[in-house]
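A short worksheet on the structure shown next.
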Amino acid sequence: MAMENINPTGTAAWKELQKHYADMQNASMQEMFAADNNRSEKFHIQWNNFLVDYSKNIVNERTLDLLVKLAGESGLAAAIDSYFAGDAINRTENRAVLHTALRTPQTADVKVDGENVMPEVFSVKSKIQEFCNDIINGTRKGYTGKTFTDVVNIGIGGSDLGPAMVVEALAYYRNHLNVRFISNVDGDHVMESLKGLNPETTLFVIVSKTFTTQETLSNAQTVREWFLKSGSQQDVAKHFVAVSTNIGKVTEFGIDKNNIFPMWDWVGGRFSLWSAVGLSISLSVGFDNFDKLLKGAHDMDEHFRTAQHDKNIPVVLALLSIWYNNFFGAESEALIPYTQYLQKLAPYLQQGIMESNGKSVDRNGNTVDYQTGTIIWGEPGTNSQHAFFQLIHQGTKLIPTDFIGFVAPLHGNKDHHDKLMSNFFAQTEALLNGKTEAQVEAEFAKQGIDGDKAAFLLPFKVFTGNKPTNTLLIDKLTPEALGSLIALYEHKIFVQGVIWNIFSYDQWGVELGKQLANSILDEINSGDVKQHDNSTEFLLKYFLKNRK
Ligand code: F6P
């Protein structure tokens, strides 16, 4: 079953939302809170260990009704069924989008082209489990008989960002293995990453879905050369493993057949951390924790698949984002986790969100005349408060922000956690209420500031507030909770793609840069600059003339 092609702007709900926006654009959240003591009771969803309070948004009940109506008119329910059923919803590549199958229980029957993929999924999972156990407990050793101490993941984009983000996020649960990530083709990055490593005790995991990515193959080559300065060609089999769909290319590279972890073309790179692409996660925290991560994601899949739209966390967050993106004209969204462990969550989701929904052609092949993908950015709080929060509070741009916090810390330091969380709550409150003239004047009176000085300072110290935020309060940063959180954002991406009527699972724009880089590399190698636009030609000639 194909997804329907519905231009969202042609739906009745969109037209009603446009009218409704005229009433809401200057609505005051402070006034809505003042008029309704039950506002957060109405606008929150409690699910498992997640409390999602979305009451601090410029919405009322009608806004939510209309947004849910938009989802209905866009065919969201049928699209969700197609997604989970393994239909080829990635139509430009004629592929299913089934990262959800990677976290589905073994007894399920998930078909791709009429074949149940679960036996294969579980056979790879067993291989991951066995391999990780052997490396962690020292049964499997390096070429001089020493146990492994370090793991280096070599991959880029989806073959790097997800594993790197989760390894850092679950650092509390990690074992003795140190895991590093080499991604950029920048040779300095490679050499810095190899510093201090002992080839005898280092395992290299080359991750590339296609096994054709220039960066990863060059880095893998360089790392193998580095390894061969100590070990022999024969020893490579003990130290290099690969994750890929392209078994032929991996074998050509010289990786032992037993050291290949397969994946499938129905798993998009940016959604692949649940597959063998997550090998470095499983090495870092053990297979049991990796499996808990998958379990948490599956729980969120079930919530998303079955909860009615107005009680469905990914759906509601996706709709609120559409409200600001398409009606208020917001250009970006911020994501602020109040834990340093989630430092890489925003960069990870930048690929998920912007590579998926950065599209300007709809599913009919027509150029859209409405806004699609949002720009996503963020850094952990409280650091971000001391960096860019000024612009969110008092700048001219509307930046809806998700705040993600945890009720309990992992190391149990209550004093620090209470300070951290008091900032978490204070920021959303400040963004909601701002500071009125009367409040600033009262402060001045206390501080003895009056007359011309008070009059001069007043406008700078007033905050309008009325800045929308979602608060995601989660019990604890466990592997399960992290799995649910990542799956939540994956499904938010899906919902937005459905409503914007775009294909979220291809990335042709990125492919163009890859093609051009290859032909420019030939020109750099030969020194023969071909015809380009005047600027590129000028720059290339300058580069060739001045490089040492
Ligand atoms: O950046 C484009 C992209 O194709 C991503 O979608 C993908 O995650 C990344 O390159 C790496 O690709 P591969 O895993 O095939 O090396």
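Cβ coordinates come from backbone N, Cα and C, glycine included.
According to its DSSP assignment, Glu355 (active site, proton donor) is helical. Under the heading active site, proton donor, TrEMBL lists Glu355.
The feature active site is assigned by TrEMBL to His386 (among others). Neighbour count (other Cβ atoms within 10 Å of the Cβ, all protein chains): 9 for His386 (active site).
Same-chain residues at least 6 positions away in sequence with a Cβ under 8 Å from that of Lys514 (active site) are, in sequence order, Thr213, Gln214. In the three-state DSSP scheme, Lys514 (active site) is classed as helix. Taken from TrEMBL, the feature active site applies to Lys514 (among others).
In the structure as shown, the Cβ atom of Glu355 (active site, proton donor) sits within 10 Å of 22 other Cβ atoms. On the backbone, the CA of Glu355 (active site, proton donor) and the CA of His386 (active site) stand 29 Å apart.
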